[in-house]
Amino acid sequence: MDFPKRSKIKPLKTPDEESIDRFAPHNCMFYIVPPQNDVSLKDFEELAIERLKLLRILEQAGLKYPKILSDEWKEHIINELNLEGLKYFVRLIKGNGNTDQDKQSRRRDYLSHFILRFAYCRSEELRRWFMAREMELFRFKFSALSSSEIKDFIEIYEMGYRPINDEQKNEIRQELQNMVTGSVDNVDFYKVNFLSVLDLVRQRKCFLKGGYAYVSSMDFSSIIGGHHQKFIEKGLMSHLKLLPEFENDERIVGIIKGLHTSYVGKDYTVNKEADIPIESLNQLSLKSYPLCMRMCHDSLRTTHHLKHGGRIQYGLFLKGIGVTLEDSLRFWREEFTKNIEPDKFDKTYAYGIRYNYGKEGSRTNWSPYSCMKVINTAPNPQDIHGCPFKLWDTIELRSKLTTYGLNAMAVQDVVSYASKGHFQLACGRYFEAVHETKLDEGITHPNAYFEYSQIIMGNRLAKEKSTPTSQQSNFNNRKQVQMNKQQEFKRKMDARIKEEHDFDEELWKLSQHEEELLTQWKARQDATQTEISQIASMDWNDDNENVEDMSQIANYL
């Protein structure tokens, strides 16, 4: 199930906003009581898609920057949220506020969380994924709170934690000082049972004394996060019990049932920028095809047949990369008619190809399968489609990758990721090994894989990531102008500093020369005084010698 991107975020029109304000009084919140508000079906779907985009961004950030809450991790998430038009989530992860915009952001956050619970409460795997992303979001929001905002949060939810007083702090001041970079007077510390912060004990981020752990406010998210995780776990199980009653509404079921497999990125339904000739598919499959599509292509070329699931998966991919309907019909006909008569192909298989292009049946212009759709496909053993990183065992995957020319280290990396269930990460590593380059973005769609490959190979021009609103574009333009001004100012200042440095150096050289001249002059003066003293002490009895000596003095002077 694929959804189009929204171009604008509009305020929610809820009849009972006060109830949400009561349950969501803080930008960083616990989702305890489900909202009782009426939400239109359109808002319901929009909120679900927005939340899914947020969680997918968090997932991609974790794959790219494994260290959670690092500066690079935070910057990546904020940039992606701005690009997707989810600015109200950005507001939530920059501390607490109480403006109308903050309240509206909290409402959307609160409602979207509970909506997505229905989509992710169905299985243990889905619950685990949802839990991990929600905990990452909570830690991000909590890390942006100041000490006073953390106190407000604790008081709002009546958690009973109190920072230690100055007397307690002075008793262990040196130990606490070793935990923080600044002064301990500017940081609040909490005394808790050490069993509730075993992760901090393991990382040596707290001070232990008498069975208690002293935790700074910066690391207090470990304690609060434990409570938050328990609330979400109970909430997901409660939603699971309510799911049969909730699914009586077919309109809602159509939204949430396949939401976890939906793709919310770039739309590859129609490729208007490329016209791929079918004669080049063999060559393209060697490098620009992801493994799932190369598997289908190789099987089709070898057996001259693909079952229904494989035809849909591979056929939509070909459509997305730019193969026209006419060329697609010719491509499939040439392969299939090596085993069957042309008339049978036209009667049995041509309809399905035209159907993919929206020319038959409901005339829907179907989208190519995303990575999540391919991964969650469950083919029969005799079918050739789905995700090979998930379907192939370690021996088969290692053999195929070696046959495709990957070196031993790359093969080991890909197999390792696949064996741990990180199928998209394995696909990204496969891409890097095939193209001998570093992949800046994660692989979320087979057609995105093809597009990245063509850009690297020089067959397509890379496009700058477009911003969703003109306001964001104007902001970026102003930011660029400001950066240019700063760079010009820095250049002028550097030139001025260099000029002053050169002038100072010249003055220093002149002063050194003057000191040398002065030393020489003083030495000459001293020598003169010495000679005069010697002449003055001579014997003046001999008139001839005196006259000669006086002449020498006169000549000297």
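Just so you know, glycine gets a Cβ as well, placed from its N, Cα and C.
TrEMBL: automatically predicted annotations, no manual curation.
Just so it is clear, the model here is predicted, and its values are computed rather than measured.
Taken straight from TrEMBL:
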BINDING   Cys292, Cys371, Cys387, Cys427  [4Fe-4S] cluster binding site
DOMAIN    283-450  domain 'DNA primase large subunit C-terminal'
Mean per-residue pLDDT computed across the domain 'DNA primase large subunit C-terminal' (283-450): 91
Shell of the [4Fe-4S] cluster site beyond Cys292, Cys371, Cys387, Cys427, same chain only (C-beta within 8 angstroms of their C-beta centre): Pro290, Leu291, Val374, Ile375, Pro388, Phe389, Lys390, Phe423, Gln424, Ile443, Pro446
Other CB atoms, at most 10 A from the CB of Cys371 ([4Fe-4S] cluster binding site): 23
